[in-house]
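Visitor: Marked as transmembrane segment by TrEMBL: B:33-54, B:66-86, B:135-153.
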Amino acid sequence: MEKFIWAFIVGGGICVIGQILMDVFRLTPAHTMCTLVVAGAVLGGLGLYDPLVKFAGAGASVPISSFGNSLLKGAILESQQNGIIGALTGIFEITSSGISAAIVFGFLASLIFKSKG
Amino acid sequence: MSSKKNKKLTPVQQEYQTFAKIREPKRPVFQNCVRAFLVGGIICTIGQGLQWIFMKYFKFTQETAGNPSTAVLIIISILLTGLGVFDHIAQWGGAGTAVPVTGFANTISSAAIEHRSEGYVLGVGGNMFKIAGPVIVYGVVSAFIVAIIKITIKWLGGM
């Protein structure tokens, strides 16, 4: 139960950072998302993101910053087995479920739904 | 950056720029942040609930439960986008819906639905990643650079 509260607080906090980037620094949503993804990869490289995921669960793994961290994690894991080329082959190892789901269901949605307006 | 841009403008244009800046509606930053916190927090709590379900009923571990629950969140937000509900939530929640993975799914599906009239190959296929593409590009490039740095440090340390 405690985990749900931390997920709420940490997830909400990351979204507030995004909102501040959008409102105060006047970034577009796309720029905000890119900034957070790069931040996630850098934090993952410093070894700070995984403890956060362990602590806050979905609060850290649902925001887009975990996308950068997962990309990095896949690259590092594969490179430990196959050397430096593993950084290329393993980069989508963990995130592939998210990207595939988004592509497949996004395409299906375009078959079913018509745009409004 | 804006002062650099202003130097190229004529005095009248500069006058207009300052005039427009004063008239521009002030963004309610604090209110937006509270809304983003609430909506983002609720989405992450739903994600945590999904993880709990996957762990309890489908024998996923703490480590692996993140992937299927992310996929479920993506499917839900694509459905909500198609039904036209997501726009209303996003209007209210601001970054609260854009920052979690739901925003990523929303940009992909809304671009796909919107460009359907241009045909399925060039319209849907070509525009699907129009907004989500930069996120993947910057994510992959930065992850690759960080991975190379980490490997190099490890290699030097192992010498």
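Even glycines carry a Cβ here, placed using N, Cα and C.
Owing to the predicted nature of the structure, the values given are computational and were not obtained by experimental measurement.
Would you situate these features in the structure and describe their surroundings?
Guide: Remote same-chain partners of the transmembrane segment (B:33-54), defined as residues 6 or more beyond its termini with a Cβ less than 8 Å from a stretch Cβ, comprise 60, 65-66, 68-70, 72-73, 89, 92-97, 99-100, 102.
Tertiary neighbourhood of the transmembrane segment (B:135-153): same-chain residues 104, 129, selected by CB-CB distance under 8 Å and a gap of 6+ residues from either end.
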Visitor: Give residue numbers and ranges for long-range contacts of the transmembrane segment (B:66-86): same chain, 6 or more residues beyond its ends, CB-CB under 8 A.
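Guide: Contacts with the transmembrane segment (B:66-86): 43, 46-47, 50-51, 53-54, 58, 60, 97, 100-106, 108-110, 113.
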